Every structure is written in structure tokens, then in C-alpha cells.
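Undergrad: I'd like to ask you about the structure that follows.
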Amino acid sequence: MTTESYTIKIRRPDDWHIHFRDGEMLRTVVPYTSHYFGRAIVMPNLLTPITEVVSAKAYRGRILAAIPEGDNFQPLMTCYLTDTTESSQIEIGYKEGIFTACKLYPANATTNSSHGVSDIKNIYPLLAVMEKLGMPLLVHGEVTASHIDIFDREARFIEQVMEPLRNQFPALKVVFEHITTKEAAQYVLEGNNNLAATLTPQHLMFNRNHMLVGGIRPHLYCLPVLKRNVHQEALRAAVASGCDRFFLGTDSAPHAQQKKESSCGCAGVFNAPSALPAYATVFEEMNALPHFEAFCSLNGPKFYGLPVNEGFIELTRKPSTVIEHIDCNNEKLIPFLAGEDARWDVKVTD
């Protein structure tokens, strides 16, 4: 691994999994994505979830209003699936270009998921509609039964939910989001072209020791939680393999500092300001930079059936200090790698 300065140029990337929140938080964080990314799949888990076309249109409007002048960015909206979601909302939203995909949250799996699906069979009729439309299903892949250890929830999800689901709907396009385990990585590698996965920078850079040894680091706490080193290494090997069904999804999820640094802290890593340097660092460490552009900019559009972005960004191998905090509504947001020297500096070239 060299420390010499050099520059790589890639197609403008996309973020296939992000949380913008709403209100002042949305207005604060959107520019950190819109400046560098061409598109982003926007998660629908607001306090009042995005379950209908009308609410998706309104939310998209609020996002568009937060994009700084000059940024060429398109938010791609998703529908939050519930036990009572109407298939007409999915079909109309997809055909009108409002919904790009639907999101499956097992009930109570993560932030604002209490409205999620209680039993996957409850939405089988919806999945049949999606399969017919060619509409992707985005999956938070964890079971939530109280007796299952939090570190085992993803692996158990594959056995109990994902495999039966894919057997029932073999033509359904499925994104296994923010995978964290060797079991998930292997499952996707062995899958067909209808199965893909996103990976976050924190799960590629760190494991649970980084979060827990020598003191708890709450700004590394997210769901699914960081796992053992063996799982981290499996994720790194997966992206380094060049498999075109792995792509960038930051799962950037901002919370105010006081909500992270508390006796019962919120799950979520706000990584939008530092995600691209972090990903580049991992690919460099894995001697996989030849696959970096595909992971960031090509694999996602291929899976979703969308054109690649026309613009470009440049990443230069030189230190660039990550901002320590971002002010938001009289509170602070602490970004991923806050105050640290990232190895890469990023700029837009078009």
C-alpha cells in the first residue's frame, strides 16, 4: 500500500441506502450527499412512515428543496411495507416513477420500524405484485425474536425469511441491505442475478472490538451491529472479489450527539461526509482499487436497470481531515471518523 499522492477518477457514484430524516435535520444533511452522489435510495422510516404515493411525493419535494444550487442529484423514493399496505399504492407509485423500490423492515428491527412487517407471509400478495412489476425489494435482514442473540439475527434471517421468500418469488429482485456477516456475504456470492447487497463503510472498516474495547464508542453503534473480525474480513473479501452484485450503500443515519452519547443511545452512523474516503481506504488496503468504480458507480445502476451517471469525481491520495461536528438546530451531528485524517480527498470534476 503506497502513501504517495495520486488521483483516481470515477463516474459520479450513487448511494443505494441513506436516511435523510426530515425537517431541519434533512436540510442539514442532504448537501453532504447531493454534492458527490448522483442519486440515493432514500429510506422511508420517518416518524410517520412513507407508505403512500402522496406522502412520497411530498417527502421528495422536501428533499429537492434542500439540494444546494448546482448539485445534480436525484432522490429515489421507497415505500415502507406494512402488514396493511395496499398493492395499488405500490403499483401506481412504481408506474408513475415515484417509488423505485419497497422496503421491508421486520417490526422493531431498527429506528422507526414499529410499523414494520410482523410476518413475511402477510405481504406475500404485495411481493407477487412487485415480482410482476420488476420492482426491487430492499430488506433489513434481521429477525427480531427476543430470544435470538443480536449478533445472530442476520444469519438466522437468511434461514427463516430470506431463503423461503426467494424460493416463493424466484423472479423478485432483492437487495440484502447493509450486510454484516460472512453468512450473508457467502449467500449473496452464491446467489443469482436477482440478489444483490449493499455494504456500509463502517462494517468494512471496523468490527465490534473497535466499538467496545477500551471504552464504548457510540458513534460506531448501528443496526445491524458490528460483528466479529471474521465477518468484517468476509465483507472486505466480498467487495474485493469484483462481484457485480455488491454496491455502495452508506446507511448514513444521523442522530443528534446527545441522542448517541446517552444511557440508551440511538443506532445509526452519520457517514455521508466521509463515506467515499472510507470506502477508498478499504479498497486500497485490499488491493482492489480496480473494482472501486464498479462498486461505487456501476453495479447499482446495473442491478436497478438505470443508466450510469454522466459526471465524474476525483479521489486524491492525500490526507483530508474529517469535520469534527456539524451544527443542526442548536445540536451537533458527529460524523463517521470525526476529526480523523482520511487518506483520500474527494472533489467533483464536472
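Every residue gets a Cβ built from N, Cα and C, even glycine.
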Undergrad: Can you find which of Lys95, Lys103, Lys173, Lys332 Swiss-Prot lists as binding Zn(2+) 1 at the same site as His17, His19, Asp251?
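TA: Given His17, His19, Asp251 bind Zn(2+) 1 in Swiss-Prot, the matching entry from Lys95, Lys103, Lys173, Lys332 is Lys103.
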Undergrad: Given that Swiss-Prot annotates His19, Phe20, Arg21, Asn45, His140, His255, Ala267 as binding substrate, state which candidate in Leu172, Leu220, Leu223 belongs to that site as well.
TA: Leu223
Undergrad: Please pick, from His35, His178, His203, the residue that Swiss-Prot records in the Zn(2+) 2 site together with Lys103, His140.
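TA: Of His35, His178, His203, His178 joins Lys103, His140 in the Zn(2+) 2 site that Swiss-Prot records.
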Undergrad: Once His17, His19, Lys103, Asp251 are set aside, which residues in the chain still have Cβ within 8 Å of the Cβ centroid of the Zn(2+) 1 site?
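TA: After dropping the recorded site residues, what remains is Ile18, Ile41, Val42, Met43, Asn45, Leu138, Glu177, His178, Gly249, Ala253.
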Undergrad: For Ala267 (substrate binding site) and Asp251 (Zn(2+) 1 binding site), what Cα-Cα distance in Å is obtained after rounding to a whole number?
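TA: Roughly 11 Å, rounded to the nearest whole number.
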Undergrad: Distance between His17 (Zn(2+) 1 binding site) and Leu223 (substrate binding site) at the Cα atoms, whole Å?
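TA: Answer for this pair: 13 Å between alpha carbons.
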Undergrad: Which are the residues of the chain, Lys103, His140, His178 excluded, whose CB is within 8 A of where the CB atoms of the Zn(2+) 2 site average out, their centroid?
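TA: So the extra residues in range turn out to be His17, Met43, Leu104, Tyr105, Thr110, Leu138, Val139, Gly141, Glu177, Asp251.
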Undergrad: Greatest CA-CA distance (Å) over the residues His19, Phe20, Arg21, Asn45, His140, Leu223, His255, Ala267 that the record ties to substrate?
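TA: Maximum Cα-Cα distance: 19 Å.
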Undergrad: Is it possible to get the count of other C-beta atoms within 10 angstroms of the C-beta of Arg21 (substrate binding site)?
TA: 22
